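Undergrad: After the structure tokens below, expect a handful of questions from me.
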Amino acid sequence: MAPSLLGGFTKSLAMTVLSEIGDKTFFAAAILAMRHPRKLVLSGCLTALIVMTALSASLGWAAPNLISRKWTHHVTTLLFFVFGIWSLWEGFKEDGDSEELAEVEAEMDAAFKSRGESKNKSKANEDTKKQQRPFLMQFFSPIFIKAFSLTFFGEWGDKSQIATIGLAADENPFGVVLGGIIAQALCTTAAVLGGKSLASQISEKMVELSSGVLFLLFGIMSLLSGPEGEL
């Protein structure tokens with residue numbers, strides 16, 4: 001029996017929500033929204049996350065065509081257990097403070113400061129700068145591109161990206177993409193609208209522990225099921 005659309009959707013939705021809440025890109029979106037127009041930040045972050053989700057699911061979909069579904073199923077099961085133990089370990093190490101938020105805020109403050117200093121130039125150079133502006137900058141807002149690049153490269157190689165690849169290899173890829181995109185939209189919208197006040201209320205410890213339990217649950221479900229998704 002082929003993997004169900006609903007199974008891929010629900011697993012992807014739950015996994016993505018717990019992976020993205022309290023993630024570095026979540027905090028980056030919240031901080032960016034405090035300093036730039038929210039619409040541009042939201043559109044840039046969401047576009048990056050949608051592209052990343054689609055790419056990850058595509059890689060997962062292609063995996064069974066390169067190696068047998070039996071092996072992709074075993075690898076995915078192993079990944080769920082590894083990420084589950086990893087998340088629980090990170091959760092138990094957390095002291096409850098939002099260290100991730102402070103770290104991201106410090107990095108972005110430094111970036112904003114250096115950018116502000118570079119703006120103290122004569123107006124005579126502004127016309128030249130506009131002419132020399134990169135091709136993409138002529139069509140997209142610099143804020144959109146900044147939000148997109150920070151989010152895209154922040155997610156690259158992240159635990160949630162690898163888990164999405166594994167999930168799409170074992171579940172219905174369309175369901176995984178749909179669930180992932182909806183979850184990304186919910187989390188990013190909450191980050192942009194809630195801003196730093198919401199981000200500071202998030203307990204990284206509880207998020208990591210919840211993620212760990214969910215990954216282990218997925219691992220057990222995958223272990224009990226066969227490569228074709230049958231119990």
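From the backbone N, Cα and C atoms, a Cβ is placed for every residue, glycine too.
Keep in mind the model is a prediction, meaning the values are calculated, not measured.
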Undergrad: Can you say which of 15-34, 135-154 is given as transmembrane segment in TrEMBL?
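TA: Based on what TrEMBL states, transmembrane segment spans 135-154.
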Undergrad: Can you name the far-off residues of the same chain, 6+ from the ends of the transmembrane segment (206-225), with a Cβ under 8 Å from a Cβ of it?
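TA: Residues 11, 14-15, 18-19, 21-22, 73, 76-78, 80-81, 83-92, 94, 163, 167, 170, 231.
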Undergrad: Are there residues at least 6 beyond the ends of the transmembrane segment (174-194) whose Cβ is under 8 Å from a Cβ of it, and what are they?
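TA: Distant Cβ neighbours of the transmembrane segment (174-194) are 3-17, 20-21, 26-27, 29-30, 33, 38, 41-42, 45-46, 49-50, 53-54, 56-57, 60, 164, 167-168.
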